[in-house]
Amino acid sequence: MTLKVGVLMGGRSSEREVSLKTGEAVYNALKVKNYLAVKIDVGLDVVERIKEERIDLAFIALHGRYGEDGTIQGLLEMLDIPYTGSGVLASALAMDKAATKKIIQYEGLPTPPFMLVEKKEALKESLQACSERICREMGLPLVVKAPTQGSTIGMSFVHKEEDMAGALELAYDYDPVALVEQFIRGTEVTASILGNEEPVALPLIEIVSATGVYDYKAKYTAGMSDHIIPPRIPEKQQNAIKKLAVSTFKSLGCRGLARVDFIVDKQGNPFILEVNTIPGMTATSLFPDAARAAGIEFPDLIEKLVELAMENCGIRRR
């Protein structure tokens, strides 16, 4: 029997356009592999659409809120439909950069020093006074992030104290808490992880942005960033990063796939920045490049993710 796979894409988050590109690429790959595939643009009628299509498995190609945060995973659990990627808890934890940082810190894994600043507390203190205090306590430069956003949405780099208030306001447009992190200069490296109970790290990628910052434009515009495989760091450091990435994957309880982003400082020390449980699968995305470097072409990668989802389903239902 041919497996019918529903590609869940689009959605309602700020990353809708990226999700549509990922979904289209996944859909085409499934067709190449002779799966019976159907595209489902996730909206308020998603339950009706899923039931109507009578899918055997959901391939989650959603990014951001409602797709990566455990929401759609919980819905699929209730509908008893197998799905690709991490479960409810791991998805929710990885989507919240603040929660991820706390777990990484608890596990004793390296991550840049950080501070969580609640909007209500910042406004009570006054945004200006809060900004001055943050810069005084943490020093400059800093990175301010909206914890639950992806694709660098709501993120700012702060090099001057007078820019901190605006950075906080931007983060608060998306979340009630801002994650303020020490900005570490160095080499950006990402580790793509594939597997369930025995995950493996694919070849590492060094990211070099044309603008110096791997922002939304650099991520999704052809020619705006270079993916260097292998990274221009010693093999010993590469192996250490791979081990850290797998440890992070396991600590959060991820499965199927994830991408762990690092910064390597000038002394060669790696720091974990964040975890992405549904990495982009567009023409400019990192995960497919890492798979290709490991000898896995895109259609084969997509089929492998379907197989991992079915394997996990079997594990859960023993």
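Glycine residues also receive a Cβ, built from the backbone N, Cα and C atoms like all the rest.
Feature annotations, reproduced from Swiss-Prot:
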DOMAIN    101-307  domain 'ATP-grasp'
BINDING   135-190  ATP binding site
BINDING   ASP261, GLU274  Mg(2+) 1 binding site
BINDING   GLU274, ASN276  Mg(2+) 2 binding site
For ASN276 (Mg(2+) 2 binding site), what is the tally of other C-beta atoms lying within 10 angstroms of its C-beta?
21
Integer Cα-Cα distance in angstrom, SER156 (ATP binding site) to GLU274 (Mg(2+) 1 binding site):
16
Would you please pick out, from the binding-site residues LEU142, VAL177, the one with the fewest other Cβ atoms within 10 Å of its Cβ?
VAL177
Around ILE184 (ATP binding site), how many other C-beta atoms are within 10 angstroms of its C-beta?
17
Determine, to the nearest whole angstrom, how far the Cα atom of VAL177 (ATP binding site) is from the Cα atom of GLU274 (Mg(2+) 1 binding site).
17
If one measures from the C-alpha of ASP163 (ATP binding site) to the C-alpha of ASN276 (Mg(2+) 2 binding site), what distance in angstrom results, rounded to a whole number?
28
Taking DSSP three-state, what's ASN276 (Mg(2+) 2 binding site) in: helix, strand or coil?
strand
Given ILE184 (ATP binding site) and GLU274 (Mg(2+) 1 binding site), what distance in Å do their CA atoms have, once rounded to a whole number?
14
Take the Cβ of SER156 (ATP binding site) and count every other Cβ within 10 Å, whichever protein chain it belongs to.
19
Which number gives the other C-beta atoms within 10 angstroms of the C-beta of CYS135 (ATP binding site), all protein chains shown included?
19
Which ones, of the binding-site residues CYS135, LEU142, LEU170, ASN276, have a Cα no more than 10 Å from the Cα of ASP261 (Mg(2+) 1 binding site)?
ASN276
Across the domain 'ATP-grasp' (101-307), what does the mean pLDDT come to, as a whole number?
93
Return the member of CYS135, GLN149, LEU170 nearest to GLU274 (Mg(2+) 1 binding site) in space, with distance defined Cα to Cα and candidates limited to these binding-site residues.
GLN149
How long is the line from the C-alpha of ASN276 (Mg(2+) 2 binding site) to the C-alpha of LEU142 (ATP binding site), rounded to the nearest angstrom?
21
